[in-house]
Each structure stands twice: as C-alpha cells, then as structure tokens.
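S.K.: Take a look at what TrEMBL says about it:
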DOMAIN    109-155  domain 'F-box'
REPEAT    216-248  repeat 'WD'
REPEAT    249-288  repeat 'WD'
REPEAT    289-328  repeat 'WD'
REPEAT    329-368  repeat 'WD'
REPEAT    369-408  repeat 'WD'
REPEAT    409-448  repeat 'WD'
C-alpha cells in the first residue's frame with residue numbers, strides 16, 4: 001500500500017491522518033497513558049524483565065539488611081537521595097560499577113521502535129545521510145526504516161539530485177540488490193562520484209589518438225559523443241564509451257577554430273570564413289553558412305540559433321535549422337574574439353578593447369562597455385551581469401541592463417583566457433599559472449589557486465594553448481592532477497578541457513613535437529563502469 005505523506009511546517013515529510021497504536025485503536029492520550037513505574041523494580045517489570053535479577057553471590061546477606069531497607073522506605077524522597085549520595089561516596093569503584101551495570105540497561109530505550117512507522121521516519125529525516133547509513137547498522141528494524149525510499153527521496157531533494165538519476169539507478173539495479181532504495185542508490189552514487197573527483201580517482205584513463213601532431217583548437221562533449229576540432233581542417237566524432245572515432249568531418253578548407261554542439265548537431269567555424277552545420281551521427285554536412293569575409297573566431301549556440309564572431313569585425317546570427325543568416329551586427333572596429341548569447345541578448349568582446357551588448361532582433365548595440373585597455377579575450381553572461389577578461393590583466397563585471405561597470409577584479413598578472421560563471425561565483429584561468437575564484441556581487445577574490453609556473457605561458461596563450469592544468473574545487477580548494485600526470489614529459493600541454501558530471505575529457509599534445517596529440521577520457525563513475533564490465 002502506498003504510504004501517504006504530508007509535510008510539516010518546516011517542509012519535512014510528516015504523516016497525514018490518525019495513526020494506529022499497537023492495541024488496534026487510534027493514537028490518543030488515553031492510548032499513551034500507562035501506569036507510571038514508581039520504583040526501579042516496577043520499571044524493570046514495565047520493560048519486560050524478570051523481577052528476579054542476578055544477585056551477588058559473595059555470601060549470605062548481612063544482618064540487619066531488612067531493617068535497613070525498611071528504614072530507607074520510610075524516608076521521604078529527598079532523604080533517600082541524600083542517603084544514596086552518602087552511600088555512593090562510601091562505595092568502592094567495583095561496587096559503583098556493579099550498580100551502573102544494573103541500572104543503565106533499564107534506561108536505554110529504543111524509542112524509534114516504539115513509535116509508529118510514520119513518526120519514526122519523520123524523526124529520521126532530521127539525520128544527515130552519513131548518520132542514516134550508520135543507523136541502518138543498529139538492528140534489523142532500523143535498517144528497514146533507513147532503507148525507506150521516500151526518506152532517501154527527501155535527502156536527494158535536499159542535495160539537488162534529480163529524479164532522472166534515481167530512475168537510471170532503478171533501471172540498472174541488479175536482481176540481487178533490487179530491495180535497495182533507488183533514491184538511496186542515486187544518493188550514494190552521487191557521493192561516490194564527488195569523492196572520486198576530489199581524490200582524482202579515475203583508474204586508467206582512456207586514450208584516443210587522432211589529428212596526428214596538429215593542435216586541437218576546440219572541444220565539445222555531449223552525451224556519449226565527443227567532437228574535437230583541429231587546425232588540420234577536420235573535426236572528429238568520438239564515442240566516449242568505446243573510444244573509437246565514429247566520424248571524421250571533412251569539408252573545411254582551413255583550420256577549425258571554434259565549435260558548438262547540441263545533442264548530435266555540431267556547428268564549426270573556420271579560417272576558410274565559413275560555418276558548417278553537421279550531423280555528428282551520420283557525418284553529413286547539413287549546411288554551409290557563407291557571409292563572413294574573414295576567419296570565424298568564436299560562436300555561441302542557443303536553441304536553434306548560433307551567433308558567430310569574426311575577424312571581419314562583424315557578428316552574424318544564423319538559424320541552424322534553415323542555414324539562413326537572420327541578422328548582422330556591426331559596430332566593432334577590430335576582430336571579434338568572444339561572444340555570448342542567451343536567446344535574448346548578444347554580448348561580444350573584441351580586439352578593439354570594447355565589450356558590446358546587442359539586441360539581435362533590431363541589430364542595435366544597446367551598450368558599449370568601455371574600460372579595458374587591451375584586447376578582450378573571454379566573456380561570461382548570465383542575463384544580468386557581463387564578465388569580461390582582457391589582456392590588460394583585469395576582469396570587469398558589468399550590469400547588462402545599465403551598461404555600468406560594477407567591479408574591476410584585479411590580481412591576475414597576465415591574460416585571462418577562460419572563465420566560468422555559476423550563480424555569483426566566477427572562476428578565471430589566467431596565463432600567470434593561477435586560477436582565481438571570485439564573488440562577482442562583492443568583487444572579492446575568494447581563493448587563489450597556484451599551478452605550475454611556466455615562463456612560456458604568455459606565448460602559449462597567444463597561440464591559443466594552455467599550460468598544464470591542475471583540477472580544483474572552488475569551494476574547498478583541493479588540488480589533483482590526473483591530467484598533468486599524463487602530460488608530464490617536457491613540452492606536454494593541455495589544449496582544451498570539457499567535463500560532464502561523471503567524465504573529464506582533455507585534449508593534450510605538445511608545443512615541441514615530443515608528445516602525440518590525443519584525447520584523455522577520465523571516468524569518475526567507477527562503480528557504474530565496473531558494473532557494465534561485469
């Protein structure tokens with residue numbers, strides 16, 4: 001029978017309606033009212049123990065014991081307490097220990113087992129998951145409660161674990177473990193994945209070799225497909241499961257410098273001045289988009305629209321489905337280097353030191369954000385704030401609606417070539433071999449994470465390459481290096497990194513020909529991978 005739960009005022013699940021007590025009636029004050037034990041012997045009987053407990057067998061009882069007991073019973077409560085205090089003070093340690101062994105078990109009550117199941121589960125919702133796992137080891141009944149699926153659903157909700165994750169676990173559970181809560185399995189899996197990320201525990205990474213010794217300039221990762229673009233004029237589609245190259249996308253006559261991907265649709269931009277739309281599964285080129293008069297340097301996909309930026313100083317808005325150019329945005333006076341598009345506004349940064357906010361429908365520049373003193377290389381846009389990174393070493397936070405500069409983030413010593421913004425937390429990667437974590441609402445630098453020092457970082461960044469990159473967690477500042485351990489020879493370079501919740505994909509090679517160009521796939525969902533192998 002499906003258990004119906006309501007929620008208490010604090011949002012936790014609480015039983016709805018009346019609950020049965022063990023006597024068959026409904027839970028009520030009269031049901032709970034029982035004779036209160038007046039002596040310790042009564043308490044033992046109430047707990048179901050025999051009135052004849054194990055006696056001390058050191059000899060016959062002392063003379064006058066009965067008279068002493070009768071006198072004790074004649075005293076009032078306070079007098080008895082005073083007498084017990086005095087008696088304990090005169091006892092030896094072994095005698096006090098004997099008293100404890102007799103008394104303590106009578107006050108150790110399993111109140112969880114005495115409660116109706118719904119109330120017991122409500123109490124357990126206050127326990128953190130780690131304590132729930134410990135509680136399951138207490139006894140069989142506690143284990144049944146601690147395995148409750150709705151209880152773990154609540155824990156998953158608190159941690160933001162989705163129902164789809166629970167469904168995947170339910171589908172993959174083996175018959176021998178079918179009794180395990182799917183929500184509990186989803187929670188444990190998520191915890192295991194996060195632990196593996198922190199420890200860098202991935203096992204041996206899968207190594208995919210391709211593009212010969214050319215540079216991998218762009219990398220996309222969607223579902224079980226990886227798409228790598230290179231200056232060898234091609235893109236390659238890889239299976240993240242088997243590691244095989246499924247398709248080689250040929251057609252560009254110049255190096256591929258940027259790409260975007262949604263499910264199996266890939267869009268690429270090239271030095272041949274075109275964009276191409278591909279079906280990654282069939283390898284077919286669906287559209288070739290003509291219009292730019294110089295290298296297509298950046299793009300951003302949203303829905304069925306992609307916005308491209310070019311060295312010809314313009315941006316173009318394309319319909320991916322039809323292959324038509326719908327809008328042209330002009331206003332930059334130098335190459336457009338980075339672009340963001342949220343479906344409503346376009347934000348672009350260029351070599352003219354400018355950041356521009358556009359209404360793509362009217363092709364009007366709403367704001368020109370001035371303040372940088374060198375080229376703008378990176379952008380983030382969340383609809384409310386624009387964040388720009390520049391060769392002038394600064395990062396600026398702008399109000400997208402007013403165009404005002406909210407904060408100037410200083411601390412980096414070189415080019416900020418990559419950033420990620422989530423909520424109000426910004427992570428910036430810089431050619432000075434540091435990663436910084438910022439709060440864009442306060443402008444404060446929360447953490448500075450130091451990587452390897454490399455005197456050639458600036459040259460490498462100018463060549464669109466990134467030095468060896470350790471992995472960091474912004475909230476706890478732990479460091480691991482599963483990437484750099486496979487790029488350790490002199491000259492080893494990590495070109496690009498993409499990640500999902502469970503996998504990390506790295507494009508690596510070398511700047512001096514000592515390392516082959518390759519992709520490294522690291523799987524942090526080790527238990528699932530072992531299950532599939534079995």
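Placed from the backbone N, Cα and C atoms, the Cβ positions cover glycine too.
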S.K.: Would you mind listing the long-range same-chain contacts of the repeat 'WD' (216-248), meaning Cβ under 8 Å and 6+ residues beyond its ends?
M.R.: 206-208, 210, 254-264, 266, 268, 270, 278, 280-283, 464, 495-500, 503, 505, 507, 509, 517, 519, 521
S.K.: Could you count the residues of the repeat 'WD' (216-248) that DSSP puts in helix, in strand and in coil?
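M.R.: DSSP composition of the repeat 'WD' (216-248): 0 helix, 22 strand, 11 coil.
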S.K.: Determine how many residues of the domain 'F-box' (109-155) DSSP places in helix, in strand and in coil.
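M.R.: Counting residues per DSSP class in the domain 'F-box' (109-155), I get 33 helix, 0 strand, 14 coil.
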